[in-house]
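For reference, TrEMBL has these:
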- 6-144: domain 'Lactate/malate dehydrogenase N-terminal' (DOMAIN)
- Gly11, Ala12, Ala13, Gly14, Gln15, Ile16, Gly17, Asp42, Asn105, Gln112, Val129, Gly130, Asn131: NAD(+) binding site (BINDING)
- Arg92, Arg98, Asn131, Arg162: substrate binding site (BINDING)
- 157-319: domain 'Lactate/malate dehydrogenase C-terminal' (DOMAIN)
- His187: active site, proton acceptor (ACT_SITE)
Amino acid sequence: MKTPTRIAVTGAAGQIGYALLFRIANGDLLGPDQPVILQLLDLPHALGAMRGIDMELQDCAFPLLQEVLVTDNPEVAFRDADIAILVGAQPRSKGMERKDLLAANAGIFAKQGRALNAVAKREVKVLVVGNPANTNALIAMHAAPDLDPSCFSAMIRLDHNRAQAMLALHLDKSVDSISQLIVWGNHSPTMYADYRFALVDGQSASFALRDERWNREVFIPTVAQRGTAIIEARGQSSAASAANAAIDHVRDWVRGSGGRWVSMALPSDGGYGIPEGIFFGVPVVCDGRQANRIRGLDINTFAREKLQAAVDELVQERDAIRHLLD
Ligand code: NAI
């Protein structure tokens, strides 16, 4: 029997948690022969709800699920974690300004970063989903100086998957005929869905489309506004597709992306002129150990403007919580 992988999930009692945990326990994340232990964290008021989820997980009789631990203490949830998926975050309440939201989340992610630093495995893979995800990841990384920065990432995979599906639909092709798509930047409306290097059945997507108006006026804004469109239609934010994207992100990071480009928000190493440290969506290929950035892509004037808008936003977010980074 393989040693079980310890997977911590925060915000476990929330709607993404509910769509995520059963899929992890079912083997969708780590494959059909890897046992897992779920270490679930939420706030004290949600302990009852988490116990209910624990009962439901038991009732699924998942062969791979070895144990479920439920807690409101980050140091218990992250102990010896191999993987940590940080979903729980403070939502924006009525009248709350962006800087207050950043500050409230900074407190949460600084605390969780310190707990990861203290008790998680040294090679833990951390995915931040809770918004503002890129800056929350920056805070958690800074609060965990004993962990390598490469342990941390933020999620832009939902936007990547949305872009891939939209491009496939527009071209009347299957989603898996599309490769080398990128979503750059922040998980916010400044994100830049970029198919300049994408291939459709091995041929250039830009060449197949030859429609710059559709790119700029339909594709890029529709991908960026998809979250809002779902809230308007469903009355609630995307949960199943967000959970699915979290599975895709971590699965590819841990098991490899099979040579495919995927988009991950990683701490910038200065590549493409992006200021060092901020978490920025970039194209990577995962080899099963680490995420390797795709370098040397041409950044034309339009792409530079789009990247710069995301840089400006992320630098502003960083500056708003800068006092917490020292
Ligand atoms: P939700 O409100 O249904 O659940 C959030 C859960 O987090 C709640 O159970 C809450 O009690 C818990 N929580 C709050 N503070 C916590 C803390 N300090 N420690 C542990 N748990 C805590 O929200 P939902 O829909 O599950 O979304 C969660 C987050 O994911 C939100 O911030 C949302 O904006 C974000 N999101 C990010 C996406 C991305 O692509 N990066 C996509 C969709 C959602």
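The backbone N, Cα and C atoms fix where each Cβ goes, glycine too.
Within the set of binding-site residues Ala13, Gln15, Arg92, Ala13, Gln15 have a CB atom less than 6 Å from some atom of ligand 1.
The binding residues for substrate are recorded as Arg92, Arg98, Asn131, Arg162; their greatest pairwise CA distance is 25 Å. Counting other Cβ atoms within 10 Å of each Cβ, the lowest count among the binding-site residues Gln15, Asn131 belongs to Gln15. Within the group of binding-site residues (Ala13, Val129), the Cβ with the highest number of other Cβ atoms inside 10 Å belongs to Val129. In the structure shown, across all protein chains, His187 is the one of the recorded positions Arg92, Arg98, Arg162, His187 with the greatest number of other Cβ atoms within 10 Å. Spacing of Gly17 (NAD(+) binding site) relative to Arg98 (substrate binding site) is 24 Å (Cα to Cα, whole number). Confidence for the domain 'Lactate/malate dehydrogenase N-terminal' (6-144), expressed as mean pLDDT, is 96. Here the candidates are the recorded positions Arg92, Arg98, Arg162, His187, and by Cα distance the one nearest Val129 (NAD(+) binding site) turns out to be His187. In the structure as shown, the Cβ atom of Asn105 (NAD(+) binding site) sits within 10 Å of 24 other Cβ atoms.
Summarised by DSSP class, the composition of the domain 'Lactate/malate dehydrogenase N-terminal' (6-144) is 63 helix, 26 strand, 50 coil.
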